[in-house]
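Have a look at the structure below, then the notes.
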Amino acid sequence: MTVLSLELLKYTILWQGFVQLWFCFMHIFFFFAEHKVIIVGLDNAGKTTILYQFLTKEAVQTTPTIGSNVEEIAVRKTRFLVWDIGGQESLRASWSSYYCNTEIVILVVDSTDRERLTLTKEELHRMLAHEELQNASVLVLANKQDIKNSMSAAEISQCLTLSSITTHSWHVQACCALTGEGLLQSLDWMRSRVLAS
Ligand SMILES: Nc1nc2c(ncn2[C@@H]2O[C@H](COP(=O)(O)OP(=O)(O)OP(=O)(O)O)[C@@H](O)[C@H]2O)c(=O)[nH]1
Ligand SMILES: [Mg+2]
(Lines of atoms letter the chains of each structure in order from A and count residues from 1; the text may use other names and numbers.)
(Lines give C-alpha, C1' and ligand atoms only; values in the text may rest on other atoms or scores of the structure.)
(Ligands and ions follow the chains in the order given, each with its own letter.)
Protein backbone atom coordinates (compact mmCIF):
# COMPACT_ATOMS: atom_id res chain seq x y z
CA MET A 1 0.00 0.00 0.00
CA THR A 2 1.37 3.40 -0.94
CA VAL A 3 1.66 6.29 1.51
CA LEU A 4 -1.00 8.11 -0.51
CA SER A 5 -3.59 5.34 -0.21
CA LEU A 6 -2.84 5.03 3.54
CA GLU A 7 -3.51 8.76 3.95
CA LEU A 8 -6.71 8.40 1.92
CA LEU A 9 -7.88 5.52 4.14
CA LYS A 10 -7.14 7.57 7.26
CA TYR A 11 -9.22 10.52 6.04
CA THR A 12 -12.07 8.23 4.91
CA ILE A 13 -12.25 6.68 8.41
CA LEU A 14 -12.10 10.12 10.02
CA TRP A 15 -14.87 11.41 7.73
CA GLN A 16 -17.12 8.39 8.49
CA GLY A 17 -16.59 8.98 12.21
CA PHE A 18 -17.54 12.61 11.82
CA VAL A 19 -20.71 11.73 9.89
CA GLN A 20 -21.73 9.19 12.54
CA LEU A 21 -21.16 11.73 15.31
CA TRP A 22 -23.23 14.29 13.43
CA PHE A 23 -26.19 11.88 13.06
CA CYS A 24 -25.88 10.97 16.73
CA PHE A 25 -25.97 14.64 17.70
CA MET A 26 -28.98 15.37 15.46
CA HIS A 27 -30.84 12.36 16.89
CA ILE A 28 -30.23 13.54 20.47
CA PHE A 29 -31.19 17.11 19.53
CA PHE A 30 -34.52 16.12 17.95
CA PHE A 31 -35.30 13.60 20.69
CA PHE A 32 -34.97 16.19 23.45
CA ALA A 33 -36.23 19.25 21.53
CA GLU A 34 -39.42 20.63 22.99
CA HIS A 35 -41.61 23.13 21.16
CA LYS A 36 -43.23 25.91 23.13
CA VAL A 37 -46.92 26.54 22.57
CA ILE A 38 -49.16 29.11 24.25
CA ILE A 39 -52.96 28.92 24.42
CA VAL A 40 -54.61 32.33 24.60
CA GLY A 41 -58.11 33.68 24.15
CA LEU A 42 -60.79 35.46 26.16
CA ASP A 43 -62.04 34.00 29.44
CA ASN A 44 -64.53 31.14 29.10
CA ALA A 45 -63.35 30.33 25.53
CA GLY A 46 -62.42 26.76 26.55
CA LYS A 47 -58.59 26.98 26.72
CA THR A 48 -58.13 24.85 29.84
CA THR A 49 -60.69 22.30 28.61
CA ILE A 50 -58.70 22.02 25.37
CA LEU A 51 -55.36 21.64 27.17
CA TYR A 52 -56.64 18.69 29.24
CA GLN A 53 -58.53 17.19 26.28
CA PHE A 54 -55.17 17.21 24.42
CA LEU A 55 -53.56 15.49 27.40
CA THR A 56 -56.16 13.04 28.68
CA LYS A 57 -58.61 12.74 25.74
CA GLU A 58 -61.36 13.56 28.24
CA ALA A 59 -63.40 16.63 29.19
CA VAL A 60 -62.39 17.83 32.63
CA GLN A 61 -64.23 20.15 35.01
CA THR A 62 -62.51 23.56 34.98
CA THR A 63 -62.50 26.75 36.99
CA PRO A 64 -61.33 30.13 35.62
CA THR A 65 -57.54 30.08 35.32
CA ILE A 66 -55.65 32.54 37.50
CA GLY A 67 -52.12 32.59 36.09
CA SER A 68 -51.43 29.57 33.87
CA ASN A 69 -51.35 25.79 33.52
CA VAL A 70 -48.53 23.98 31.76
CA GLU A 71 -48.39 20.43 30.41
CA GLU A 72 -46.18 18.42 28.09
CA ILE A 73 -47.93 16.82 25.12
CA ALA A 74 -46.28 14.39 22.73
CA VAL A 75 -47.53 13.81 19.19
CA ARG A 76 -45.67 10.97 17.46
CA LYS A 77 -42.31 11.80 19.12
CA THR A 78 -42.78 15.55 18.67
CA ARG A 79 -42.95 17.11 22.10
CA PHE A 80 -44.82 20.30 22.91
CA LEU A 81 -44.65 22.29 26.12
CA VAL A 82 -48.11 23.85 26.25
CA TRP A 83 -48.93 26.89 28.38
CA ASP A 84 -52.61 27.67 28.95
CA ILE A 85 -52.90 31.29 30.08
CA GLY A 86 -55.86 32.81 31.94
CA GLY A 87 -58.01 35.00 29.67
CA GLN A 88 -59.77 37.29 32.13
CA GLU A 89 -59.37 41.00 31.36
CA SER A 90 -57.03 41.69 34.29
CA LEU A 91 -54.73 38.82 33.14
CA ARG A 92 -54.45 39.71 29.44
CA ALA A 93 -51.68 42.25 30.00
CA SER A 94 -49.50 39.43 31.31
CA TRP A 95 -49.84 37.30 28.13
CA SER A 96 -46.73 38.94 26.66
CA SER A 97 -44.56 37.60 29.51
CA TYR A 98 -45.15 34.11 28.00
CA TYR A 99 -44.20 35.00 24.40
CA CYS A 100 -40.44 34.37 24.49
CA ASN A 101 -39.44 31.34 22.30
CA THR A 102 -43.06 30.53 21.44
CA GLU A 103 -43.36 28.55 18.20
CA ILE A 104 -47.13 28.19 18.10
CA VAL A 105 -49.90 30.44 19.39
CA ILE A 106 -53.27 28.75 19.80
CA LEU A 107 -56.04 31.31 19.88
CA VAL A 108 -59.24 29.79 21.26
CA VAL A 109 -62.53 31.42 20.33
CA ASP A 110 -65.90 30.70 21.91
CA SER A 111 -67.88 30.37 18.67
CA THR A 112 -71.11 31.44 20.42
CA ASP A 113 -69.61 34.68 21.77
CA ARG A 114 -70.48 37.04 18.90
CA GLU A 115 -70.32 40.17 21.08
CA ARG A 116 -66.67 39.76 22.00
CA LEU A 117 -65.28 38.68 18.63
CA THR A 118 -64.07 42.22 17.87
CA LEU A 119 -62.19 42.18 21.16
CA THR A 120 -60.61 38.84 20.20
CA LYS A 121 -59.61 40.33 16.85
CA GLU A 122 -57.90 43.25 18.59
CA GLU A 123 -56.03 40.92 20.92
CA LEU A 124 -54.94 38.73 17.99
CA HIS A 125 -53.58 41.59 15.89
CA ARG A 126 -51.83 43.11 18.94
CA MET A 127 -50.12 39.76 19.55
CA LEU A 128 -49.03 39.39 15.93
CA ALA A 129 -47.32 42.79 16.11
CA HIS A 130 -45.24 41.71 19.09
CA GLU A 131 -41.60 41.19 18.13
CA GLU A 132 -41.22 38.02 20.25
CA LEU A 133 -43.93 36.33 18.18
CA GLN A 134 -42.54 37.23 14.76
CA ASN A 135 -41.65 33.61 13.96
CA ALA A 136 -44.66 31.98 15.59
CA SER A 137 -47.45 30.18 13.70
CA VAL A 138 -51.05 30.80 14.68
CA LEU A 139 -53.76 28.19 15.13
CA VAL A 140 -57.26 29.58 15.63
CA LEU A 141 -59.64 27.11 17.28
CA ALA A 142 -63.31 27.84 16.69
CA ASN A 143 -64.46 26.05 19.85
CA LYS A 144 -67.91 25.03 21.16
CA GLN A 145 -69.14 23.79 17.78
CA ASP A 146 -71.56 21.50 19.64
CA ILE A 147 -73.69 24.49 20.63
CA LYS A 148 -76.56 25.33 18.28
CA ASN A 149 -76.10 28.52 16.23
CA SER A 150 -72.40 28.75 16.95
CA MET A 151 -70.39 30.59 14.29
CA SER A 152 -68.58 28.44 11.74
CA ALA A 153 -64.81 28.44 11.34
CA ALA A 154 -65.24 30.36 8.06
CA GLU A 155 -67.33 33.08 9.78
CA ILE A 156 -64.78 33.43 12.56
CA SER A 157 -61.95 33.53 10.04
CA GLN A 158 -63.70 36.37 8.23
CA CYS A 159 -64.48 38.35 11.41
CA LEU A 160 -60.87 38.03 12.59
CA THR A 161 -59.66 39.04 9.07
CA LEU A 162 -57.30 36.06 9.03
CA SER A 163 -56.80 36.30 5.26
CA SER A 164 -55.08 39.67 5.78
CA ILE A 165 -52.31 37.96 7.80
CA THR A 166 -49.28 37.57 5.57
CA THR A 167 -46.55 37.77 8.20
CA HIS A 168 -47.41 34.55 10.02
CA SER A 169 -48.43 31.08 9.01
CA TRP A 170 -52.00 30.50 10.27
CA HIS A 171 -54.75 27.91 10.26
CA VAL A 172 -58.33 27.86 11.51
CA GLN A 173 -59.96 24.71 12.88
CA ALA A 174 -63.50 24.07 14.11
CA CYS A 175 -63.57 22.02 17.33
CA CYS A 176 -65.42 20.91 20.41
CA ALA A 177 -63.31 20.65 23.55
CA LEU A 178 -65.91 18.50 25.32
CA THR A 179 -65.75 15.67 22.75
CA GLY A 180 -62.29 16.36 21.35
CA GLU A 181 -63.65 16.74 17.81
CA GLY A 182 -61.19 18.69 15.65
CA LEU A 183 -58.34 18.49 18.16
CA LEU A 184 -56.39 15.65 16.54
CA GLN A 185 -56.29 17.61 13.28
CA SER A 186 -55.05 20.62 15.30
CA LEU A 187 -52.19 18.62 16.81
CA ASP A 188 -51.28 17.31 13.36
CA TRP A 189 -51.14 20.84 11.98
CA MET A 190 -48.96 21.95 14.93
CA ARG A 191 -46.62 19.04 14.33
CA SER A 192 -46.33 19.76 10.62
CA ARG A 193 -45.52 23.41 11.37
CA VAL A 194 -42.70 22.72 13.81
CA LEU A 195 -41.23 20.01 11.58
CA ALA A 196 -41.31 22.40 8.62
CA SER A 197 -39.36 25.13 10.42
N1 LIG B 1 -70.58 23.27 25.19
C2 LIG B 1 -69.27 23.42 25.29
N3 LIG B 1 -68.72 23.92 26.40
C4 LIG B 1 -67.37 24.05 26.46
C5 LIG B 1 -66.53 23.68 25.39
N6 LIG B 1 -65.25 23.94 25.76
C7 LIG B 1 -65.30 24.44 26.99
N8 LIG B 1 -66.58 24.52 27.44
C9 LIG B 1 -67.04 25.02 28.72
O10 LIG B 1 -66.74 26.40 28.81
C11 LIG B 1 -66.45 26.77 30.15
C12 LIG B 1 -65.11 27.49 30.22
O13 LIG B 1 -64.07 26.57 29.86
P14 LIG B 1 -62.55 26.81 30.31
O15 LIG B 1 -61.76 25.77 29.62
O16 LIG B 1 -62.43 26.88 31.77
O17 LIG B 1 -62.30 28.25 29.69
P18 LIG B 1 -60.94 29.09 29.69
O19 LIG B 1 -60.80 29.64 28.33
O20 LIG B 1 -59.82 28.28 30.21
O21 LIG B 1 -61.29 30.29 30.68
P22 LIG B 1 -60.26 31.17 31.59
O23 LIG B 1 -59.40 30.23 32.35
O24 LIG B 1 -61.15 31.99 32.49
O25 LIG B 1 -59.50 32.05 30.64
C26 LIG B 1 -66.49 25.47 30.97
O27 LIG B 1 -67.74 25.36 31.57
C28 LIG B 1 -66.33 24.38 29.90
O29 LIG B 1 -66.91 23.15 30.25
C30 LIG B 1 -67.13 23.13 24.20
O31 LIG B 1 -66.50 22.79 23.20
N32 LIG B 1 -68.50 23.03 24.22
MG1 LIG C 1 -58.61 28.42 31.89
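We number each residue from 1, going along the chain as drawn.
Quick reminder: no glycine exception, Cβ is built from N, Cα and C everywhere.
Given the structure is predicted, the values throughout are model-derived calculations rather than measurements.
The following features are taken from TrEMBL:
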type	residues	note
TRANSMEM	12-33	transmembrane segment
BINDING	GLY41, LEU42, ASP43, ASN44, ALA45, GLY46, LYS47, THR48, GLY87, ASN143, LYS144, GLN145, ASP146	GTP binding site
BINDING	THR48, THR65	Mg(2+) binding site
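All features noted in TrEMBL, drawn onto the structure.
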residue: GLY41; record: GTP binding site; Cβ contacts under 8 Å, 6 or more apart: LYS47, GLY87, ILE106, LEU107, VAL108, VAL109, ASP110, THR120, LEU141
residue: ASP43; record: GTP binding site; Cβ contacts under 8 Å, 6 or more apart: PRO64, GLY86, GLY87, GLN88, GLU89
residue: ALA45; record: GTP binding site; Cβ contacts under 8 Å, 6 or more apart: GLY87, VAL108, VAL109, ASP110, ASP113, ASN143
residue: THR48; record: Mg(2+) binding site; Cβ contacts under 8 Å, 6 or more apart: VAL60, THR62, THR65, ASN69, ASP84
residue: LYS144; record: GTP binding site; Cβ contacts under 8 Å, 6 or more apart: GLY46, ASP110, SER111, THR112, SER150, CYS176, ALA177
residue: ASP146; record: GTP binding site; Cβ contacts under 8 Å, 6 or more apart: CYS176, LEU178, THR179, GLU181
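In this structure, LYS47, THR48, THR65 are the binding-site residues from ALA45, LYS47, THR48, THR65, GLY87, ASP146 whose C-beta falls under 6 Å of some atom of ligand 2. Ranking the binding-site residues THR65, GLY87 by the number of CB atoms within 10 A of their own CB puts GLY87 at the top. Largest Cα-Cα distance over the residues recorded as binding GTP, namely GLY41, LEU42, ASP43, ASN44, ALA45, GLY46, LYS47, THR48, GLY87, ASN143, LYS144, GLN145, ASP146, equals 22 Å.
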